[in-house]
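K.L.:
Pulled these from TrEMBL:
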type: TRANSMEM; residues: 59-82; note: transmembrane segment
type: DOMAIN; residues: 63-180; note: domain 'Phosphatidic acid phosphatase type 2/haloperoxidase'
type: TRANSMEM; residues: 141-159; note: transmembrane segment
type: TRANSMEM; residues: 165-183; note: transmembrane segment
type: TRANSMEM; residues: 204-227; note: transmembrane segment
Amino acid sequence: MLELIHYLEQIDTAILLFFNGMHCELFDYFMVLVSNRFTWVPFYAAFIFVMIKNFHWKVTIVTILAVALLVLLCDQTASGLLKPLVGRLRPSNPANSISYMVHVVNGYRGGRYGFPSSHSANSWGVAIFAMYLVRNRKLSIFLAFWAALVTYSRAYLGVHYPGDLLVGFLIGFVMASIVYYAYNRWARSYTQEFLNGKKKIQYNYLPISVGLVSIATMFATSLIMLFTS
């Protein structure tokens, strides 16, 4: 069993060093912005705006509370429970034997422990919950792209092993499924409002548009930082 764990750790390290090693100064700036939760505030706000414009205020409030509960569950399971329990050092942590091989951006090394990734758990949790709720193909594809981009940024920055990110994804999936089940059970009439195909949703293009503009803005900002540094 110990040999298997050691073998999996070797694979985990090799994959991390491969992706972390594919770096350049432009993407150093870009991935720092992608990894920052606050740069995505306009993207989150776009969803709230669409709900306010299309649904009863009770639906909007209950949905926001459900998402807040989901993020709390994902974050506390990852950071509050499993990180201190497992105690796996981040690749970038100076106490980790591979840290000298890890490309660190702007001295950012994260906290002490990295298993599992709360960034991965939170982003995938929110994305999957929204997929369950809206059932829109284009939005689902973009949400998956967004969550994958945020997740990848954590490996690029050297603060998480791929295994940390994978378990984070699983936590997000499980918690999103539980919260959606509870939401659908106790507020089924609200769920049906999202799934009502006869109702035309105003501004339904906005979340994807704002998300794409946010990514473009981050990339443009990274270019400016590159040429002015």
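Quick reminder: no glycine exception, Cβ is built from N, Cα and C everywhere.
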K.L.:
Mean pLDDT over the domain 'Phosphatidic acid phosphatase type 2/haloperoxidase' (63-180): what is the value?
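P.N.:
That stretch averages a pLDDT of 97.
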K.L.:
Counting by DSSP secondary structure, give me helix, strand and coil numbers for the domain 'Phosphatidic acid phosphatase type 2/haloperoxidase' (63-180).
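P.N.:
Breakdown, helix to coil: 83 helix, 2 strand, 33 coil.
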